[in-house]
Amino acid sequence: MKTVCCSILGFGAIGQGVAEVLLKKKEYLENIGLEVKVVAVVDSKGATINPEGVDLANCLARKRTDGTVALDNLSGVEVIQSVAHDLVIETTPTNIRTGGAGLQNMFAAFQTGKDVITSNKGPLTLKYRELMEAAKVAGSHFRFEATVGGSMPIINLSNEVLAGNKIKSVKGILNGTCNYILTRMLEERASYNDILAESMQLGIAETDPTYDVEGIDTACKLVILANAIFGLDATYSDVKVTGITKVTPEALEMAYERGHVIKLIGEVSRERIHVAPRLVPINHPLAVGGALNVASVETELAGEITVTGKGAGPTETASAILSDLIAIYGN
Amino acid sequence: MRVSMDIELKDVPGQMLLALQPLSECKANLITVVHHHQKRTPRKTVPVKLVLETRPESIETIKAKLEENGIRIVRVGEHRFRESINVVLIGHVVHTGIQDTIDEIDRTGFAEVVDLSLSMPGINMLSSALMKIDAVGKEDLHRALAILKEVSAKKDLLMVLPIDIQA
């Protein structure tokens, strides 16, 4: 049995999802020879630390009742530096302007020779090269499937499963909120603002939806794909971005009458990185509805491979983190 | 451009060669040949339908050469436009001059707006238009879209292109 000591930094929806999945998959992991011991859980208010293994069920309960797991007044970086462990599961909120706590956590993890698995797009959008370099120097594993498309495998699909194929392009719907809004606008013949309000009520859109509806979130994911799959050194400023705020129910209806839906499509290849609303034929593989994500990987040998799935949600994102964990420590 | 031609051949051996030679000499690209063996015209000739791709200036030469070879030409139809695309425009489509937007495409000579659906839900609300543009060839279509893109940027219109077109 191999024991992997890890920390969970960030205990919001995704961090809690990871804790729940680790509890649920304890037996499965043991069956494949892995004992995953969480030695620290950190949220914005502080940390719970136990070198013998934190009681995750207790952490989840305390988070629900007290709003925090904090027992020690330690930050993520302090935990990384003072608590011995192998892996940092970094699930703090995305900040694309500064990289936020996530960026500091990742650099600190690599400086202390730890592996990192993350769902946090911000640091990768801002400092991809530096982070990869730091991981390489430290000899650390660094995996981030959960940053793009939630549960949907895109990065690992392109780089590992489709190994040997030259990837020509990836295009798809990488933001569930935009897909939900456009799908509902067409279904209800309702305005953008009405459906946005509905999405906020349902918790599908954030209180400040700018990041999603202006295409910024999609653009960040494309930057990660550009770097991770195409080996570019792209940043956010390399992406041409148009959001969905101008799309009208009338435009959706006219397009539909001619056999098309309008979707916010992200597209990345060696030549260009682009986000914009596009006309997609109704029977096209990318014409998925609701809050689904979808991506088509155009390959040299295997043709076009399309995957679709839930792009967000704690359990779905934790599923991608779990697969990264098994990819590093399994076998 | 793409041209369809209805011709008639005499019912004797070697006629098809006489019909196809002029096309080859003029470097026309033959797309389809439908030879109605079983049919006969009242003149006892065999009707043949051709679709070919050629430069506009070669058409008259082809016709002359066919006639020289004794081939009767019944009809010549030009398929001027081979490419077609739907584009959605959203914004103050009408107030910024829809006619002017259409004219910009039409005056190119290689592309035309051939269909337009328009929706104006209210005075201060965004209008939406779905435009069908036909163009002579693929390259011309991209040139027309580049013009439309420029016009849209100037008029602050959101242009929604089909997914298979490079934006």
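Just so it is clear, glycine is given a Cβ too, placed from its N, Cα and C backbone atoms.
From a predicted model like this one, the values you see are computed outputs, not experimental measurements.
If you check TrEMBL, you get these features:
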- A:Gly10, A:Phe11, A:Gly12, A:Ala13, A:Ile14, A:Gly15: NADP(+) binding site (BINDING)
- A:10-145: domain 'Aspartate/homoserine dehydrogenase NAD-binding' (DOMAIN)
- A:Lys121: NADPH binding site (BINDING)
- A:153-326: domain 'Homoserine dehydrogenase catalytic' (DOMAIN)
- A:Glu206: L-homoserine binding site (BINDING)
- A:Lys221: active site, proton donor (ACT_SITE)
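Overlay of TrEMBL annotations on the structure.
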residue  : record                    : contacts (Cβ under 8 Å, 6+ apart)
A:Gly10  : NADP(+) binding site      : A:Val42, A:Asp43, A:Gly76, A:Glu90, A:Thr91, A:Thr92, A:Pro93, A:Ala101, A:Gly102, A:Asn120
A:Phe11  : NADP(+) binding site      : A:Ala19, A:Val41, A:Val42, A:Asp43, A:Cys59, A:Lys63, A:Val69, A:Thr91
A:Gly12  : NADP(+) binding site      : A:Asp43, A:Thr91, A:Thr92, A:Pro93
A:Ala13  : NADP(+) binding site      : A:Pro314
A:Ile14  : NADP(+) binding site      : A:Thr91, A:Ser119, A:Ala146, A:Pro314, A:Thr317, A:Ala318
A:Gly15  : NADP(+) binding site      : A:Ile8, A:Leu9, A:Val41, A:Asp43, A:Ile89, A:Thr91
A:Lys121 : NADPH binding site        : A:Thr94, A:Ile96, A:Thr147, A:Val148, A:Asp217, A:Cys220, A:Lys221, A:Ile224
A:Glu206 : L-homoserine binding site : A:Thr177, A:Met200, A:Asp212
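If you average pLDDT over the domain 'Aspartate/homoserine dehydrogenase NAD-binding' (A:10-145) in this model, you get 96.
DSSP assignment over the domain 'Aspartate/homoserine dehydrogenase NAD-binding' (A:10-145) gives 67 helix, 25 strand, 44 coil. Same-chain residues with CB within 8 A of the center of the A:Gly10, A:Phe11, A:Gly12, A:Ala13, A:Ile14, A:Gly15 CB atoms, the NADP(+) site residues themselves not counted, are A:Ile8, A:Gln16, A:Gly17, A:Val18, A:Asp43, A:Thr91, A:Thr92, A:Pro93, A:Pro314. Cβ contacts within 10 Å of A:Lys221 (active site, proton donor), excluding its own Cβ and spanning all protein chains shown: 28.
A:Lys221 (active site, proton donor) falls within a helical segment according to DSSP. Classification of A:Glu206 (L-homoserine binding site) by DSSP places it in coil, neither helical nor stranded.
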